[in-house]
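Below is one structure; the comments refer to it alone.
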Amino acid sequence: MTRNTPKAIIVIFGATGDLANRKLYPSLYRLYRNGKLSGNFAVVGVARRPLTNEEFRNNVKDSIAVFKDDLIDHEEFASHFHYNPFDAQHLSHYHDLDAFITKLDKIHDAGGNRLFYMAMAPNFFGPIAANLKSQGLTDNKGWSRLVIEKPFGRNFDTAQQLNEQIGQTFSEEQIYRIDHYLGKQMIQNIEIVRFANAMFEPLWNNQYIANVQITSSEILGVEERGRYYDESGALRDMVQNHILQMISLLAMEPPAKLHPDEVRYEKAKVLRSLRPLDESNVDQYFVRGQYGDGKMNGVQVDSYRSSNGVAENSNTETFVAGKFMIDNFRWAGVPFYIRTGKRMAKKSTEIVVQFKDLPINLYKDKGNVIDPNLLVIRVQPDEGITMHLNAKKTDYETLSTPITMHYDKSIAEEVESPEAYEVLLNDCLNGDSTSFVHSEEVSLSWNFVDQISKAWAAKKADFPNYASGTNGPKAADELLAADGFHWWDID
Ligand SMILES: NC(=O)C1=CN([C@@H]2O[C@H](COP(=O)(O)OP(=O)(O)OC[C@H]3O[C@@H](n4cnc5c(N)ncnc54)[C@H](OP(=O)(O)O)[C@@H]3O)[C@@H](O)[C@H]2O)C=CC1
Ligand SMILES: O=C1O[C@H](COP(=O)(O)O)[C@@H](O)[C@H](O)[C@H]1O
């Protein structure tokens, strides 16, 4: 659906940072270029360094330089940007910021609406939200909304505290917790594939599905983020949020209607049905890894422990593989396997749904092994869906052979897919919170993940245990082999 965003002032806290420059400005530009942004918008960039408006706009133009459009468009876009030097720790700065926004609202006729985007370190989220209220920035005449970046806490307790803190200023309807995977086109497609096709939903259960596999692998190591990552690890960085969100979408019941509350309710039910783990059984369900040195594309690369900001004997995992069991009627007995890690063989996010074998193989006398049917949802880098079927070989015999049916999204639709942040910015400006994470989902996810963190913190791992450029430690393969399965590495 083509929608234009309403008039609004977008206030970006952390306007000089990496996220703002790499993701937010290009995404806003794409919305603008595609005619989605209201002409009555302004962006107020907020950070400590003393930039002039002109310097700030030059930074914005640099961040959109990759778009080879008419430079007049770049200029016009940048003219909506204004900079306000601001230190989040100085209360008086909030008062000045309020006056600045009010003045701009009049200039841009922005309708009194305010979107506050927290692109700053997480320790600022709570205090800024509180100060926005105490200093009157949420007393505007239109709506006000808060966009919160990850990480949302580092465990159940800290997430609860943060929810309570921001809840004193913003109601749940006003809070948009970002999980950028929910803005990816093929993740959004999971719901459509399941609920708009008569051929999948009847099979989408433990009678027909043997297992589900989610792989989210990266080539990059921790690069410049060693300090953050060493405190986090792959479990908190990827599993608590992106992976559990994908599982919820794959496993949820059809919502009564496509209303954000109904969708979130169904997703939360999946999280409530996860088989709980404790220290005694975590090792049966989850394995961890950390990359050592190795070769990537023929180039020698260093181990995780040699990265900047990482402790010399770090016990932090850069890889997780696990088995989730969803103990409800639909999914009892179906393992949901996941693996995610840095410095793996390729950059790819892929979901494989493996169907159960047929009761008998009619072709075995002719020497045929029948492969299981697979439905593969390719999230990135290529976007599409592939079905693996068996069909007759071109031959005189009735030999069966695996064939694939491909749907390649970019080729079929002949349009450039929108970026995840572009989709999510569009949604929150339009007040659609379906693709954002509800406080209950956050709490349930941490509740599950905390048990694994506790078990792992209590026991030092034998790291490093996988070489850079590989698919993780052997234990990840053994996890599936114990159930008679293997990872499908689809090219
Ligand atoms: N970068 C990424 O790809 C991703 C980031 N995130 C999350 O987004 C958030 C921002 O990350 P990122 O952009 O990488 O961080 P950066 O460190 O690059 O940016 C931090 C920003 O905060 C500003 N800042 C720091 N202290 C203050 C202060 N006291 N008052 C006002 N502004 C301040 C900095 O500007 P100045 O120094 O001028 O004050 C800078 O603009 C984090 O929560 C991160 O976890 C989430 C997913 C991906
Ligand atoms: O949130 C995060 O995601 C990225 C991976 O995102 P993708 O869109 O490139 O798949 C990951 O690199 C990062 O560590 C994590 O914080």
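Keep in mind that glycine also has a Cβ here, set from the backbone N, Cα and C atoms.
A C-beta separation below 8 Å, combined with a sequence spacing of at least six in one chain, links H242 (active site, proton acceptor) to D179, H180, Y181, S216, T340. Annotation comment: TrEMBL describes H242 as active site, proton acceptor.
The NADP(+) binding site annotation in TrEMBL covers R48, K150. Every protein chain shown contributes to the tally, and the Cβ of R48 (NADP(+) binding site) ends up with 14 other Cβ atoms within 10 Å.
Within the same chain, residues at least six positions away from K342 (substrate binding site) with a Cβ under 8 Å of its Cβ are E218, L220, G221, V222, A234, Y291, Y304, T318, F319. Here TrEMBL flags H180, K184, E218, D237, K342, K347 as substrate binding site.
The domain 'Glucose-6-phosphate dehydrogenase NAD-binding' annotation in TrEMBL covers 11-189.
When pLDDT values are averaged over the domain 'Glucose-6-phosphate dehydrogenase C-terminal' (192-488), the model yields 95. The domain 'Glucose-6-phosphate dehydrogenase C-terminal' annotation in TrEMBL covers 192-488.
D237 (substrate binding site) falls within a helix when secondary structure is assigned with DSSP. Among the binding-site residues listed (R48, K184, D237, K342, K347), D237 have a CB atom closer than 6 Å to some atom of ligand 2, in sequence order. With respect to their backbone Cα atoms, K184 (substrate binding site) and K150 (NADP(+) binding site) stand 16 Å from each other.
The binding-site residues considered are E218, D237; of these, E218 has the fewest other C-beta atoms within 10 angstroms of its C-beta. The sparsest Cβ neighbourhood within 10 Å, among the listed binding-site residues (K150, H180, K184, K347), is found at K347.
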